[in-house]
Each structure stands twice: as structure tokens, then as C-alpha cells.
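Enquirer: Residues annotated as substrate binding site in TrEMBL: Trp63, Tyr161, Lys291, Gly324, Arg408. Sequence annotations record features per position, and here TrEMBL assigns pyridoxal 5'-phosphate binding site to Gly123, Ser124, Asp262, Pro325, Thr326. Taken from TrEMBL, the feature N6-(pyridoxal phosphate)lysine covers Lys291.
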Amino acid sequence: MHNKHTDLTPSEQNSLLLFDKENVWHPYTSMSEPLPSYLVDSANGVTINLASGEELIDGMSSWWSVLHGYNHPALNKALQEQSAKMSHVMFGGLTHKSAITLCEKLISLTPDGLDKVFLSDSGSVSVEVAMKMALQYQHAVAEKKKTPLTKTKLFTVKNGYHGDTFAAMSVCDPVTGMHQIFEQVLMQHYFAPAPSIKFGDKWSNNDITELSALFEQHHNEIAAFIIEPIVQGTGGMRFYHPEYLKACRLLCDKYDVLLIADEIATGFGRTGKLFACEWSGITPDIMCLGKTLTGGYITLAATLCSSHIAQTISEGAAGCFMHGPTFMGNALACAVANASIDLLLANDWQSQVHAIEETLVEHITPLNKHVRVKDTRVLGSIGAIECKQSVNVAQIQKRFVELGVWIRPFGPLIYIIPPLIINTEQLKTLVNAMATVLDEDECFNLINE
Ligand SMILES: *Cc1c(COP(=O)(O)O)cnc(C)c1O
């Protein structure tokens with residue numbers, strides 16, 4: 001059969017995959033017993049085309065980052081035009097229109113009060129930057145007041161995820177973030193229980209009892225509180241009550257602690273609001289953006305902060321913020337981010353997300369009754385099925401490919417977070433595939449891990 005998706009012969013494909021298996025690390029994957037990888041030829045709209053010929057409807061948005069689909073003419077054009085001028089220039093002493101325009105957009109779209117933008121290369125780095133900003137701010141405050149510096153720790157909730165670099169990892173969930181392996185080198189921070197009242201359930205102040213007590217007890221040591229607004233993503237797609245985040249804002253104000261909102265997974269419409277902080281009507285002191293920032297095209301992240309923080313840091317002993325990545329303000333990334341944000345606003349993203357949410361509610365919620373299912377959850381363009389058992393990733397992945405979809409579950413969680421341009425038919429194909437594997441014993445591990 002003629003395969004339009006590749007010029008590679010089956011034997012060339014096999015030798016590429018063999019080299020990959022033996023020499024190339026993949027995320028969270030063993031090198032001695034690796035999970036299989038599928039060779040991709042190209043991707044278009046919401047489909048990923050495998051070199052072996054299968055066309056898969058993408059339910060993952062390439063780790064939650066694609067908004068307008070793959071190979072989008074407007075995004076391609078932005079990249080081509082920018083690369084014809086320059087792909088990159090150093091950001092020390094030089095600046096350019098693509099970066100400036102992007103920062104203008106970010107300041108105007110994010111909640112009021114975030115007026116200064118620090119561009120960096122990935123989500124984890126934007127979290128490092130946020131944490132460093134908070135610590136340098138507290139250092140400058142203590143210096144100004146001529147008081148000893150005590151606010152040197154971070155505070156967060158369990159079940160969170162903020163990235164894989166060391167500072168970011170130190171505020172990830174201690175168990176799933178594997179803190180025991182790095183115990184001797186990780187900074188020690190404070191952890192409150194994860195928010196337990198779900199989005200849409202009835203609020204009770206019981207959910208913040210321990211949080212409030214920990215704030216009261218340790219605020220003298222705490223520089224900043226960091227949290228993923230509304231959605232704990234990697235921690236299991238758990239959606240929590242907006243009142244919880246409101247309470248975090250109030251407690252931070254009361255105890256002179258900075259609030260860092262990690263909107264890397266939630267930013268740009270995913271949850272039904274442009275930024276998830278809007279569900280609670282709050283402005284954080286510092287906000288991290290990444291993932292969807294370039295519509296899934298290239299790595300780019302941003303850390304926004306208030307003028308007050310920027311000014312305090314700049315008036316401190318160092319006289320500046322001590323950070324500056326080589327590829328800061330990369331012109332290609334900024335150009336494609338500008339084009340992606342323009343598309344988002346032009347495309348009526350609210351209707352797109354609303355349509356996805358309606359279909360997900362209609363087709364995922366009934367699966368709650370399935371014997372294997374513990375819970376189903378839908379918010380905005382995110383739909384998740386939490387199973388009673390963890391999945392057998394290799395087997396379930398194989399089945400999804402056979403069913404013509406790309407869905408990559410983790411632990412007991414089978415979830416989708418599709419590009420916003422997906423249509424109802426494609427969305428139903430994704431959910432049908434999820435429903436199909438629920439009936440297949442070999443897709444699940446026997447014990448609940
Ligand atoms: C993905 C993610 C990060 C890390 O971003 P990278 O680009 O992978 O470094 C940080 N925080 C949250 C909430 C994320 O979802």
C-alpha cells in the first residue's frame with residue numbers, strides 16, 4: 001500500500017526506531033526497558049500522521065500546548081516572516097518589535113496589576129524565575145527595613161506540579177515529585193494539604209483550616225505561596241473550588257507573602273476563562289505562562305509581576321534582577337506567540353472551549369457508571385476519567401493507535417485536552433476510544449498503583 005506520509009521505507013523506519021530505543025532518552029521513560037515510541041512524519045490540523053501510515057486524532061495537544069492545530073498557515077507565516085528578518089538576537093542591550101508586542105499583549109490580557117514581563121525559554125525556567133523574584137524581593141524588603149532576612153522559604157499545596165528543574169521540583173508534590181531521591185539537595189519548603197473541595201461543589205471554610213494555620217505559624221519564614229490556579233494538572237487533573245484560590249490571595253495579603261500563580265497549563269482559555277485566576281477574580285503578584293503561549297510551536301515562557309515587585313528588586317543591593325537566559329526574548333518564539341494570541345482572540349475562543357466542554361460533559365460524564373471508573377471530570381477543554389486501576393501504558397497506547405487516536409494516560413488517569421479547533425465528530429472519536437479501552441482488561445494493571 002502506498003503510504004503518503006513518508007518517503008522512508010519500512011526498513012529505514014525500523015533502523016531509526018532502533019537507534020531511538022537504544023540511544024535517545026524520552027520523558028519519564030526507562031532506557032533499559034523503554035516504552036515503544038511511534039515515528040511521526042507530520043501533523044496537520046488535529047491529526048498526527050505516523051510514518052507507518054496511521055492518522056491519529058490528537059487528544060493531547062502535544063502536552064497541552066497546541067491551540068489552533070498543527071501546521072497552521074498563520075503561525076507558519078509568522079515564523080517564516082520572522083526568520084527572514086532574524087531568528088534571534090541577544091536580549092542584553094538589544095530589543096525587537098516581536099518581543100515588545102508580545103509583552104504588550106500579555107500585560108493587557110492578564111489580570112490587572114501585572115505590568116512587568118520576564119521572558120524565558122520554558123515553563124520550568126519561568127517558575128525558577130518566579131521563585132527567584134520572590135526571594136530577591138524579600139531580600140530587598142528586609143534590606144530596606146534594616147531587618148534580618150527571614151522570608152526564605154516557599155509555601156505550596158500537596159499534589160502540585162511546577163516543573164522538573166531543581167527549584168521547581170522542590171515545590172512539586174513530595175511523593176509524585178520523588179523528593180526522597182533528591183532529599184539531600186532539594187530546598188525544604190512548606191506544604192499544605194491539597195485543596196479537597198471540587199470545582200462546582202459547595203464551598204466550606206474547612207478546606208482552608210490547615211492552610212490558614214500553616215500561614216499563621218510560618219509566615220515569618222515564607223517569601224511566597226505558589227499554586228496552580230483551579231486545575232492541579234500533572235497531579236491528576238483535579239479541579240478545585242475558586243473560593244480556595246480567593247482564600248490564598250487573602251492569606252497572602254494578611255501575612256505579607258507573595259502569591260505566585262502557575263498558569264502554565266491553564267493559561268489562554270483552557271479552563272473556559274482566558275486565565276484560570278479569573279474564576280476567583282484575583283490578581284497574583286507573579287504569574288507564570290508557558291505551554292500554549294506559542295500555540296504549541298516552540299518553547300517559550302513568561303513570568304509577569306507587579307510594578308511594585310520589579311521596583312523593589314531594582315532598588316535592592318544587586319540593582320537588578322539576577323537572571324538572563326541566552327535565548328531570552330527569542331524572536332521566532334515571540335513572533336509565533338503573537339500570531340497565536342491574535343488567532344485565539346479572532347477565533348472566538350470562548351465558543352470553541354464552550355462547544356468542547358458541552359460535548360465532553362455529554363459523552364464523558366455517563367462513563368462515571370462504568371465499573372472501572374472512580375470519577376469523571378470536565379472543565380473547559382479538559383476531560384478526564386479517573387480509573388480505579390492504573391493503566392498499562394504500552395498496551396493502552398497500542399490500542400489507542402489502533403483506534404485512530406493519540407491519547408497518553410498516566411497512572412489511573414485517561415484524559416484529553418484537545419486543540420481548540422477540534423470538531424464534534426473528532427471529539428466523539430476521542431471519547432469513544434476512551435470508552436472502548438475501559439472494557440479491555442489488558443489495558444489496565446491488576447493492582448491499584
Ligand atoms: C508543564 C508545566 C510546567 C513545566 O513546564 P516545562 O515547559 O515542561 O518546563 C510547570 N508548571 C505547570 C503547571 C505545568 O503544567
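For all residues, glycine too, the Cβ spot is worked out from N, Cα and C.
Please treat TrEMBL annotations as automatic predictions, because they have not gone through curation.
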Enquirer: Asp262 (pyridoxal 5'-phosphate binding site): which of the binding-site residues Tyr161, Lys291, Gly324, Arg408 is the nearest Cα neighbour?
Expert: Tyr161
Enquirer: Taking Gly123 (pyridoxal 5'-phosphate binding site) as the reference, which of Trp63, Tyr161, Gly324, Arg408 (the binding-site residues) have a CA within 10 A of its CA?
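Expert: The binding-site residues passing the 10 Å Cα test: none.
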Enquirer: Quick test of your reading of the structure: among the binding-site residues Trp63, Gly123, Gly324, Pro325, Arg408, whose CB sits under 6 A from ligand 1?
Expert: Gly123
Enquirer: Could you check the binding-site residues Lys291, Arg408 and say which one's CB has the fewest neighbouring CB atoms inside 10 Å?
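Expert: Lowest Cβ count within 10 Å among the binding-site residues (Lys291, Arg408) is Arg408.
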Enquirer: Would you kindly give the Cα-Cα distance separating Lys291 (substrate binding site) and Thr326 (pyridoxal 5'-phosphate binding site), rounded to the nearest Å?
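Expert: Cα-Cα, rounded: 20 Å.
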Enquirer: Around Ser124 (pyridoxal 5'-phosphate binding site), how many other C-beta atoms are within 10 angstroms of its C-beta?
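Expert: Total other Cβ atoms inside 10 Å, all chains included: 21.
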Enquirer: Tally every other Cβ atom lying within 10 Å of the Cβ atom of Gly324 (substrate binding site).
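Expert: Summing over all protein chains shown, Gly324 (substrate binding site) has 12 other Cβ atoms within 10 Å.
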Enquirer: Tell me the Cβ neighbour count for Trp63 (substrate binding site), meaning other Cβ atoms within 10 Å of its Cβ, over all protein chains shown.
Expert: 14
Enquirer: For the binding-site residues Gly123, Pro325, which one has the sparsest Cβ surroundings, going by other Cβ atoms within 10 Å?
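Expert: Sparsest of the binding-site residues Gly123, Pro325 by Cβ contacts within 10 Å: Pro325.
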